Amino acid sequence: MRLVLLGPPGAGKGTQAQLLSDALNIPHISTGDLFRANISQGTELGKQAQEYMDAGKLVPTEVTANMVRARLEEADAANGFLLDGFPRTIEQADLLEEMLKEKDLKLDAVINYQVSEDVVVERMLSRGRNDDNESTIRTRLQVYREETAPLIDYYQGRILNIDAEGSVEDISEATLCALDK
């Protein structure tokens, strides 16, 4: 099964991705993990990403997409994968479609975790991370609304909307049930 996870920061994508990965026996591919792995291994893509990050800039789509492409070519992703953090923009979604088309593949579903902004703020503040203050969180939500939310329309027809305001177990169960239909 080939899946993409969408949802605002704090929706629980990382938590749900791990549970889904285990339940479906497919790798959880997170762009954050890809960046860290490529940087720690000193790959060419990792060096490029590090330069942008050191300068406080966003890593360009091309670098991120190339990391994702390389990861999707690994053996454990042959029977499916769960993408978390990519695509984040329409441009990245187009690139992902091209990557899959080259292999005669397509996404099975796009899971969209829906959660209110107030719940997101509450969750993220309770995590106690240094960079999680209300102003920063609301800025991240604004970026999500502008950049990533348009993907919901892009993937219309493949979207599975999941209410992400319950318990971890309930959300996981709802996701697996939606995928079974």
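Cβ coordinates come from backbone N, Cα and C, glycine included.
A sphere of 10 angstroms centred on the C-beta of Gly10 (ATP binding site) encloses 25 other C-beta atoms. In the three-state DSSP scheme, Gly10 (ATP binding site) falls into the coil class. Per Swiss-Prot, the feature ATP binding site maps to Gly10, Ala11, Gly12, Lys13, Gly14, Thr15, Arg127, Gly166; the stated evidence is sequence analysis.
For Phe86 (AMP binding site), the same-chain residues lying six or more positions away in sequence with a CB closer than 8 A to its CB are Val4, Ile29, Thr31, Thr64, Ala65, Val68, Gln92, Leu96. Marked as AMP binding site by Swiss-Prot on the basis of sequence analysis: Thr31, Arg36, Lys57, Leu58, Val59, Gly85, Phe86, Pro87, Arg88, Gln92, Arg129, Arg140.
Across the region 'NMP' (30-59), DSSP classifies residues as 21 helix, 1 strand, 8 coil. Sequence annotations record features per position, and here Swiss-Prot assigns region 'NMP' to 30-59.
Here the region 'LID' (126-132) returns a mean pLDDT of 73 for the predicted model. Summarising the annotation, Swiss-Prot assigns region 'LID' to 126-132.
Around the Cβ of Gly12 (ATP binding site), the same chain contributes Tyr113, Val115, Arg123, Ala164, Val168, Ile171, each under 8 angstroms and 6 or more positions distant in sequence.
Shown are the binding-site residues Thr15, Thr31; the one with the most C-beta atoms within 10 angstroms of its own C-beta is Thr31. Cβ neighbours of Lys13 (ATP binding site) (same chain, under 8 Å, six or more residues apart in sequence): Leu5, Leu6, Gly7, Asp84, Gly85, Tyr113. Residue environment of Gly166 (ATP binding site) contains 14 other Cβ atoms, counted within 10 Å of its Cβ in all protein chains.
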